[in-house]
Amino acid sequence: MKFLDQAKVYVRSGNGGGGCVSFRREAYVEYGGPDGGDGGKGGDVWVEAVEGLNTLIDYRYKQHFKADTGMHGMGRNRTGSGGEDVVLQVPAGTQLLDEDKEEILADLTEIGQRVLLARGGDGGKGNSHFKTSTNQAPRKTIPGWPGEERWIWLRLKLIADVGLVGLPNAGKSTFLSVVSKANPKIAAYPFTTLYPNLGVVDLGPGSRFIVADIPGLIEGAHEGAGIGDRFLGHIERCASLIHLIDGTQDDVVAAYKTVRGELEAYGDGLPEKQEILALNKIDAMDEAMVAEKRAELEAASGKTVMTLSGVSGDGVKALCGSAWDIVLQNRRAEKAAAEAAEKGEEGWAPS
């Protein structure tokens, strides 16, 4: 399935059905009076986050969504049926923006979360509403109210526990394919990964987390260089980062600083995320070279640097274990915060 993280769609809710002109006609009832029913309400347009989706590709080929019009009222004071709603299904992590992309209308971060995009028009009034002492047979009705229409942008920011970052050819796709059942494209040239890939790492019962392989960043990515600008936003949802560095390149410190610089320039909390720094491709290096480049990275970053090889598998399990420790820590913190907030709401009372 192709990946698409932005789509522009047009939505229109249904018009309300019109009120009815009708008069009671029954045997032995000489003056039946008006009995025109009201029109039905027009259908609404909703957007809902559902399970099993991780792309907006469905909205590349279909961009117009219109709900049904409400049925007109009928005689014997029967109200027309309401128009059928339209529900746009999107992945969790989808943001809704107005047409000029300046205002975020909603952020769907949880499965089942729903937002009303366009409310259907109310139904009109039948002639039974307009009977008076001086007008026993009114022919007046009120038509249904029109629906709403608008253009909106859907923007997906993947929700993952860990984001894989690094320069092109750092070995991120190979690592993801080894630790999960994901099947990203792998080749020995830059920008093999053109779109984010998701994989589930399973370390045992109750020890699973999601990893997002973010396409390779280059210097100037935050300004639109390369392909990194569009996908830096996906890292915002990740609780932590694994920063892979190709150990076979000449200057590993420069590679580290380039990616860190892009994260800091982009902002939005990216520089503050917990980061695991790892020197990759040690299968193509001797022990002395590994030790030398590891020491250079530790001196430049002030962090402990892990070593691994996605090809041979050396160090992969240890790296996943470290990532899981951070994921578990973050989940516990989120749970504690949610419980504290819930407790605070329960304990609130008007003064």
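Each Cβ is built from the backbone N, Cα and C atoms, and glycine gets one as well.
Pulled from Swiss-Prot, these are the features on record:
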- 1-159: domain 'Obg' (DOMAIN)
- 160-328: domain 'OBG-type G' (DOMAIN)
- 166-173, 191-195, 213-216, 280-283, 309-311: GTP binding site (BINDING)
- SER173, THR193: Mg(2+) binding site (BINDING)
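Overlay of Swiss-Prot feature records on the structure.
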{"residue": "GLY166", "record": "GTP binding site", "DSSP (3 states)": "coil"}
{"residue": "LYS172", "record": "GTP binding site", "DSSP (3 states)": "helix"}
{"residue": "PRO215", "record": "GTP binding site", "DSSP (3 states)": "coil"}
{"residue": "LYS281", "record": "GTP binding site", "DSSP (3 states)": "coil"}
{"residue": "SER309", "record": "GTP binding site", "DSSP (3 states)": "coil"}
Cβ neighbour count (within 10 Å, all chains shown) around GLY166 (GTP binding site): 25
Separation of alpha carbons, SER173 (Mg(2+) binding site) and GLY166 (GTP binding site) (Å): 11
Greatest C-beta neighbour count within 10 angstroms, which of the binding-site residues ASN169, SER173, SER309: SER173
Cα-to-Cα gap, PRO215 (GTP binding site) vs SER173 (Mg(2+) binding site), nearest whole Å: 9
Residue among the binding-site residues LYS172, LYS281 whose Cβ has the most other Cβ atoms within 10 Å: LYS172
Whole-number mean of pLDDT values that fall within the domain 'Obg' (1-159): 93
Cβ packing number for PRO215 (GTP binding site), 10 Å threshold: 24
Between SER173 (Mg(2+) binding site) and LYS281 (GTP binding site), the C-alpha gap once rounded to whole angstrom: 13
